[in-house]
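As written in Swiss-Prot, here are the features:
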- GLN87, GLY105, GLU106, GLY107, LYS108, THR109, ASP516: ATP binding site (BINDING)
- CYS884, CYS886, CYS895, HIS896: Zn(2+) binding site (BINDING)
Amino acid sequence: MLKAVLETTIGSKSKRDLKDYLPTLRNINKLERWALLLADEDFSKETEKLKDELKSGNSLENILERAFTLSREAARRRLKERPYDVQIIAGLALHKGKIIEMKTGEGKTLSSVQAAYLNSLTGDGVIIVTVNDYLAERDSNWMKPVFDLLGVSVGVVLSNMDYELRKAQYAKDITYVTNNELGFDYLRDNMRYDLNEKSLRKFNYCIIDEIDSILIDEARTPLIISGPTEGNTNAYLEVNSLVSFLKECSKDPKTGDYPLEIDDLDGDYTVDEKAKRISFTAKGLNNLEQLLVSKGIISGSMYTDSNFNYVHYMTQALKAHLLFLKNREYIVGDSGVEIVDEFTGRVLTGRRYSDGLHQAIEAKEGVRVANENKTMATITFQNLFRMFDKISGMTGTADTEAKEFHKIYNLDVVVVPTNRLLARIDEDDTIYYTEEFKFNAITDEVYKTYKKGQPVLVGTVSIEKSEILSAMFKSRGIKHEVLNAKNHSREAFIIAEAGAKHAVTIATNMAGRGTDIKLGGNIEHRVRKKIGTNVSLEEFQEAVKNERENYLKDYNEVKSLGGLYVIGSERHESRRIDNQLRGRSGRQGDPGRSRFYVSLEDDLMRLFAGDNLRSLMGKLGMATGEPITHSLLTKSLINAQKRVEDRNFEIRKHLLEYDDVITKQRDFIYAQRNSILKDTAIKDRILVALEEYLSFLLEGTKSSTVSNVFLNEVNSIFAYMLESLGSIENISYLDLKAKLMQIAKANLDEKENLIGRDLFNGFLRYEYLKNIDFKFQEHLANLDSLREAVYLRSYANKNPITEYKEEGFSIFSELIKDIKVSTIRRVLQLKLDSNSSDFKSTKKSRNVKPIHKELSGIVINENKSASNVQVVRSSPKIGRNEPCYCGSGKKYKNCHGKS
């Protein structure tokens, strides 16, 4: 209430920010005459002057107005587009580290030019992040002529580039890159064995396009570099055949809930659709054990070490059959099971569900079941972007998530007014009891609109629903296009014609993000269809000029019909996604209309608002087949969405608390790696570490004589070198420590003299880094297991986060000690000769793959041609071909794995 009163009297924070930018905008407009008089060659000279001023101690704020004026004029000359005042305001907000909300078609891409140019003048680089390679390449090519005129360099990083090319692109003043590539490059850089192979430089300033998609929708999705491991894929096939033998517990037919008393549960498992969770009952576990034994899958108890994983396999199999449906969560394509993004409807190429869920779905669908993978490095987008000195972002829909942006990222949202008043009519939702009545009503509405000639865009939440509507449209003779994950290759063509007369388009949550739907169709696309692509730029421009009259005629005709009519076939969990769909209509002051059709059988209604709405509709006297439109019902729908959004926000905040623990530890490990990469005297580092460890072993020792415990530890490190130690009878700890240090120094000096200082330093660096990487990978697996373990402690009234932090710190302390000791052991015990290959090849190739994992279960494989991968979430297991844990350098199967 107080917030509403304050906004009424003094305006919202967003409005106050806009008001603050007006004096600067007026000054920029006054300077425009100065920029108009400049010759083209003067722009780069002015850029150099501004750079010199910054080097002399001037601030960005003092040169801001001239920089914005220069970049505005450069855009006018090279793009024939003069940024509107609202675009200049958007640029000012971006420079100030804000998130700008600009409606579709208002020119977000051009708005970023001024802020990017100004911040590039420091020489520390600007990164502009987009959601895919197409947009990164398109935007960099589109804006390059502007930046070229200004004398600043522009680069673009694409997924198929090697590290040398990436390094060159990141070195440019302004670099366009996707969020995935940026994250993977950060992780890869921190797995390098040579400083010169790092591609990134300092994280200075970042502008994130579609920031809500990256920092909200993708927030639960850590990036992961993974490597191969051995797994039991046959188990998923075995348990898949058992699904039909188990029965779900009965629910109360009135409430749809399970009995509260455990003894009243009559089945083998319960299903939680909201949390996507399967829980076995005691009876279910007994039945599962009997099934596994009777089918010959296991022998003996299910609760032994070798058999207990079958509970996990069976849980994932049930999830695959009951909670993850074909043509909704995934499709089966040429490359097997492919995940569909719930927010965009696009196929997430290369991504895989984690925890064995993807294997369970593959077994269910009868396709090849791929092996599992282990985590080698990981980071979330939340913590990746928080490393920048300054970040800002732009999107068409951010205001609904303003609270989360502020609380987690300390970013404020500025809603930039449209250049022209919005003419779209947003109607109240129309609500039906059943999905069948709703789809019939949508078909009737589309048929009526189609006959009139007005273009229609119908948004669906799944491929399955889009195909149902498509079949109904066909039966009514409605010509239409379907845009979903199955035919995404035709997206550009379909979107280009979606605003033409008589056009009807069914789209699955993907109404052309990054692409405008223009009334009357797309003139450039129309010309390309006529004259082809093998023509010169001059011929193309002439053809566009000749086609313009016909295009304007079509545009005005569609405009007179009411513009684009957007129909939502269902409310999404997030209001942002609904607003994105609405935003396809009413571009740049064009007329438009939008309406959502909802039924009580929709997922959102059924899970979060069904009972309340059903009661309200009954009170309003609604019959089963009748529609109802009422502001109370619309408000109830929005409240349901808010509840889901709040729940998802809490989940993301909770995940961030866990990830912050890993972040601090990762930062420490990466700092150690960087220090070692730069170190030219690693021998001294190892000797210091040895002395510290020996001192640690001596701490708290009261006896004056050497204990067996101390000797055993020393023996594990020095091994054969102890022959030169001589008698230790009656020797003190301090004297023994001094002798051991002499032996260690002599050992390392001898090896250094044998192969040379530089080569030996390189060898030590490689061994140290290899050990850090191997141990840290084990540590990540341990943290994963710890996280699952502490969750159960909430039942004992313990805070899982606190438990995770405390135990995480404890095992991290052990990790640091273990890294040092195992490295010392390895370099001391290894025998070198001048022909040894151990030090001649210190850059062994490692089979690693970047993947992208959602904590609720998604992974991504960046290498599209590589075999599918998965992240393991269990106790760490050493593969037969991995290096042995003892540090000998041998494979595990040839060392301690023999026994």
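Cβ atoms here come from the backbone N, Cα and C positions, even for glycine.
Cβ crowding, taken as the number of other Cβ atoms within 10 Å, peaks at GLU106 among the binding-site residues GLU106, ASP516.
In the three-state DSSP reading, GLY105 (ATP binding site) counts as coil. The Cβ of GLN87 (ATP binding site) has 26 neighbouring Cβ atoms from other residues within 10 Å, across all protein chains displayed. Of all Cα pairs drawn from GLN87, GLY105, GLU106, GLY107, LYS108, THR109, ASP516, which the record names as binding ATP, the longest spans 17 Å. Among the binding-site residues GLY105, GLY107, the residue whose Cβ has the fewest other Cβ atoms within 10 Å is GLY107. Those residues of the chain, other than GLN87, GLY105, GLU106, GLY107, LYS108, THR109, ASP516, with a C-beta within 8 angstroms of the mean position of the ATP site C-beta atoms are MET102, THR104, LEU110, SER111. With the fewest other Cβ atoms inside 10 Å of its Cβ, the least crowded of the binding-site residues LYS108, THR109 in this structure is THR109.
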